[in-house]
Amino acid sequence: MGEILVLVDHVDGVVRKTTTELLTIARRAGDPVAVFLGSGYDDAARQVLASYGATKVYVADAPELEEFLVAPKAEALAQAATACGAVAVLVTASAEGKEIAARLAVKLGSGVITDATDVAADLTTTQSVFAGGYTVAAQVPSGVAVIAVKPNAATPEPSPSSPAEEKLAVTISDSARRARIVARAPRAATGRPELTEAAIVVSGGRGTGGDFGPVEELADALGGAVGASRAAVDSGWYPHAYQVGQTGKTVSPQLYLAAGISGAIQHRAGMQTSKTIVAVNKDPEAPIFAMADFGVVGDLHTILPQVTAEVRKRKA
Amino acid sequence: MKIVVLVKHVPDATADRTFDPSDNTTDRTGVDGLLSELDEYAVEEALKIVDAGHDSGGVEVIAMTMGPDGASDAVKKALQMGADSGVHVLDDALHGSDALATARVLAAAVGTVGEVDLVLTGMASTDGSMSVVPAMLAEYLDLPHVGFVGELTVSESSVTCRRDGDVASQTVEAALPAIVSVTDQINEPRYPSFKGIMAAKKKPVQTWSLADLGVDAGAVGLDAALSVVREVVKRPERSQGEVVTDEGDGGVRLAEFLAARKFV
């Protein structure tokens with residue numbers, strides 16, 4: 001057992017759920033040490049990290065962490081790993097998280113594993129590869145294991161602690177100050193759960209004909225997130241940030257409802273590991289039905305509103 | 001301006017991809033391969049810079065790959081699309097290399113090309129799909145990197161990128177030389193024209209070994225990998241559940257299913 005570093009995933013100080021999953025996983029393998037990079041560390045953040053068993057919290061704030069892309073965060077995290085002699089570093093497998101993991105692995109001369117869907121006490125990881133066709137068990141056999149973990153890899157389990165706090169004075173090199181962030185436009189808030197973290201995802205494809213209204217209404221009735229197929233995104237019907245599939249997000253919710261999506265390999269790669277899959281499609285031959293636990297052959301424009309009304313009635 | 005585009009030859013995602021049971025590496029011979037679809041966007045973006053023609057000194061596009069014999073097909077496709085020349089890093093010792101060794105070798109190859117202004121890559125390969133090699137390359141080459149770029153503007157001395165992040169879209173600037181990885185939202189890759197296919201046959205492709213790059217064979221390959229695949233298990237096919245045809249009550253029946261599974 002040793003120190004397992006957890007990079008806190010936060011938006012302006014608000015700790016995301018993925019961090020509580022990482023802390024839960026880290027407790028299996030050793031003592032979780034949280035690393036909070038950037039500004040916004042406050043009582044609320046402290047409270048979350050303490051509730052999920054962080055034994056120590058490193059807080060590093062430097063203007064470079066927000067002015068420049070990725071590289072300063074990787075340098076700060078490497079310094080934290082060295083400071084506590086970490087045996088492993090866990091980060092969220094987001095776009096940025098994977099880039100941080102990549103740079104950290106080079107800095108520490110460590111092996112890196114990405115997109116882990118589970119991490120065991122001996123730090124053996126589970127990954128789903130080749131569009132969900134295979135499950136792989138992997139390990140970093142020596143050195144500091146750098147592991148990027150997918151959202152929903154663990155159910156967060158509280159374990160209250162009183163972590164020691166330490167301000168980490170980090171030095172950011174000139175090399176890390178070369179990709180300057182000159183503007184930032186936050187994604188418009190939808191009020192829905194984050195796609196990769198949601199327990200329920202309702203996705204629309206070509207069959208929507210561009211009208212995502214019925215998809216959004218059903219997602220809202222079920223308290224789920226909205227996703228889209230590549231065909232729908234390429235047609236300009238829904239933003240790319242919501243694309244599920246090989247070139248978009250990979251989701252693994254409790255329930256995945258595909259409406260007007262045929263189920264090409266490109267899409268299956270992003271949702272095949274969902275617990276329950278439900279499909280609505282006009283084409284009875286659509287490959288999505290072969291993997292669905294329940295399917296309805298028909299027009300989503302009449303079926304989805306009926307489901308929404310029925311769900312609302314049952315919830316009322 | 002000299003641009004290197006990294007292109008990977010991958011097993012066709014629509015085929016039955018599998019692993020070599022002897023060492024748990026990706027089977028690259030039993031399954032038909034092709035240029036990783038996501039790399040086409042990087043090739044196209046390089047060609048758009050050529051087409052824009054705002055570098056008075058001209059723009060040279062070099063397609064670079066690392067992989068076994070068949071990997072040269074990825075270079076060939078890039079040449080057919082319009083790249084000027086190719087580099088194939090080919091060495092038996094590379095078999096089973098992890099992402100770190102891959103990035104180290106590609107960094108050495110970019111260094112060997114020399115005076116490269118811009119390295120363009122896809123957002124991920126469609127086989128390993130780790131999305132780590134570009135950022136590792138940035139570490140090894142000590143160059144700035146901007147990833148997940150959905151819009152790119154190149155001047156003679158810098159790049160301006162729209163990075164499509166998870167929670168925000170950022171505008172990022174970096175001086176050249178730089179590494180930029182692009183998403184599939186950035187452009188619409190061209191198909192090779194007949195003329196392009198014919199012209200590609202005459203374009204030069206250099207094959208480099210590890211010795212040519214000055215990389216120690218002991219530092220790459222399966223034995224040097226810092227992450228190890230312990231086990232590979234084929235996921236059982238999902239079995240098909242009940243499929244009903246809507247006769248006016250399809251939505252109600254679907255809602256009943258959701259309620260039975262306690263989603264409502």
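From the backbone N, Cα and C atoms, a Cβ is placed for every residue, glycine too.
Computed from a predicted structure; not experimentally measured.
Here's what TrEMBL has on this protein:
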BINDING   A:R206, A:229-230, A:243-247, A:260-267, A:N281  FAD binding site
DOMAIN    A:4-185  domain 'Electron transfer flavoprotein alpha/beta-subunit N-terminal'
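Here the features listed in TrEMBL are placed on the structure.
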residue: A:R206; record: FAD binding site; Cβ contacts under 8 Å, 6 or more apart: A:S229, A:A231, A:A232, A:S235, A:G260, A:I261, A:S262
residue: A:Q243; record: FAD binding site; Cβ contacts under 8 Å, 6 or more apart: A:G227, A:A228, A:S229, A:R230, A:V233, A:K249, A:G270
residue: A:Q246; record: FAD binding site; Cβ contacts under 8 Å, 6 or more apart: A:A131, A:I265, A:Q266, A:H267, A:A269, A:G270
residue: A:A264; record: FAD binding site; Cβ contacts under 8 Å, 6 or more apart: A:P287
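This prediction places the mean pLDDT of the domain 'Electron transfer flavoprotein alpha/beta-subunit N-terminal' (A:4-185) at 96. Summary: among the binding-site residues (A:I261, A:H267), the fewest other C-beta atoms within 10 A of the C-beta are counted at A:H267. Taken residue by residue with DSSP, A:Q243 (FAD binding site) is part of a strand. For the recorded site, A:I261 (FAD binding site), the DSSP three-state label reads coil. Chain B has a C-beta under 8 angstroms from the C-beta of A:Q246, taken from the binding-site residues A:R206, A:Q243, A:Q246, A:I261.
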